[in-house]
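Summarising the annotation, Swiss-Prot assigns Zn(2+) 1 binding site to His59, His61, Lys146, Asp315. Annotation comment: Swiss-Prot describes Lys146, His186, His242 as Zn(2+) 2 binding site. Taken from Swiss-Prot, the feature N6-carboxylysine applies to Lys146.
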Amino acid sequence: MSFDLIIKNGTVILENEARVVDIAVKGGKIAAIGQDLGDAKEVMDASGLVVSPGMVDAHTHISEPGRSHWEGYETGTRAAAKGGITTMIEMPLNQLPATVDRASIELKFDAAKGKLTIDAAQLGGLVSYNIDRLHELDEVGVVGFKCFVATCGDRGIDNDFRDVNDWQFFKGAQKLGELGQPVLVHCENALICDALGEEAKREGRVTAHDYVASRPVFTEVEAIRRVLYLAKVAGCRLHVCHISSPEGVEEVTRARQEGQDVTCESCPHYFVLDTDQFEEIGTLAKCSPPIRDLENQKGMWEKLFNGEIDCLVSDHSPCPPEMKAGNIMEAWGGIAGLQNCMDVMFDEAVQKRGMSLPMFGKLMATNAADIFGLQQKGRIAPGKDADFVFIQPNSSYVLTNDDLEYRHKVSPYVGRTIGARITKTILRGDVIYDIEQGFPVAPKGQFILKHQQ
């Protein structure tokens, strides 16, 4: 058989091993894995490179339509491709209107036409005002539903995202359980975090350490414990977003051991930044839950290596620079991190701490694809989409603002020396990013809908 593409001599991350092997691609799919596979129209030599499944980033905010001056499909997905992401799962908030019904998700699809460099799946929102319309989003094909039990949204904008109270969460989870959809939750105690934050501002405590103190670990743990129980009673699968503390992970592990259907994610910034660095970097490193101290970070690494965290995600949530101005308590909370998930974590987890390549592949791609039912994604295996990222190990560079593809070229990682490089990203058999050529093809990404899987 003649193939469209053969990738030769790379160290390939397979599901349970990594070895030097060739990959054949035909019609955008992985056709064969082995040696001496035959002829191809194109042959790529990946000698000295790690060939990983393209990252499946299960937590991104693109903000289009309505807030494309924050981030947009064109810039956001180019940054993703440059960072080795081939599939993103987009959150239902930051854009206007929030993605909470059929009409709003159709606006998303229209806004993305001709702009997607990578593939995308979409989450719907569970908010205080759409519990009777959740089925609309399920019918369109979302792969899950996001909600906040922490305070969110601009009360001055009618169609912005809104948090839910316990009753609304429970009723929504019941409906989502009936639909067979997971609920994804931002877990922080709204009343306590809001009160502590207001108290700090009144008293003039506005440093990074003050911000972290206003959102203590127990507020995350309490919220995780609460939604675990409510989701269990409601009969709904639960995914806990961006866990920042080992104590929070322990709640998920305990529930899982008791038989509950629950998964969780965390983000690179909780593993590579700490509160002292947050103080130095400033508002660009503000997020919630917040970046915590070194002892907390050490515990998170232990949980990651123990297999208690299912996947790593960017939680890419940028905004215009003026919203990051002023003191840390007042600035927008969100990190621009889409472009540097894979290289930073390959350096920190694999090269510096000895994580196995198969575990890295699961954390960056396989597990997220499985959690959200993306059956063609997340694995290098025959029949799957030919989505790959080439990683050059032990190749250090210093990240600059000019390296970034975001609408606003800022990131808390600027100035960081990163010890690995993404050299090529391939989506369904086509090179969508190359370190020398840039972006050689027109945007070819498409939306992945649940009912098409």
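Just so it is clear, glycine is given a Cβ too, placed from its N, Cα and C backbone atoms.
Cα of His59 (Zn(2+) 1 binding site) to Cα of His242 (Zn(2+) 2 binding site): a span of 9 Å.
Here the candidates are the binding-site residues His61, Lys146, Asp315. The one whose C-alpha lies nearest to that of His242 (Zn(2+) 2 binding site) is Asp315. Neighbour density for Asp315 (Zn(2+) 1 binding site): within 10 A of its CB lie 26 other CB atoms from the protein chains shown. Here the candidates are the binding-site residues His61, Lys146, Asp315, and by Cα distance the one nearest His186 (Zn(2+) 2 binding site) turns out to be Lys146. Highlighted in sequence order, His59, Met91, Phe148, Leu184, Val185, Cys187, Cys241, Asp315 have their Cβ within 8 Å of the centre of the Cβ atoms of Lys146, His186, His242, the residues recorded for Zn(2+) 2, and are not part of that set. Residues within less than 8 Å, Cβ to Cβ, of His61 (Zn(2+) 1 binding site) and separated from it by at least 6 positions along the same chain comprise Glu71, Glu90, Met91, Leu93, Asn94, Asp315, His316, Ser317, Pro318, Gly334.
Each residue in Thr60, Glu90, Met91, Leu93, Cys241, His242, Val313, His316, Ser317 lies on the same chain as His59, His61, Lys146, Asp315 and has a C-beta within 8 Å of the C-beta centroid of that Zn(2+) 1 site, without being one of the site residues. Under the three-state DSSP scheme, His242 (Zn(2+) 2 binding site) falls in the coil class. Within the same chain, residues at least six positions away from Lys146 (Zn(2+) 1 binding site) with a Cβ under 8 Å of its Cβ are Met91, Pro92, Leu93, Leu123, Gly124, Gly125, Leu126, Val183, Leu184, Val185, His186, Cys241.
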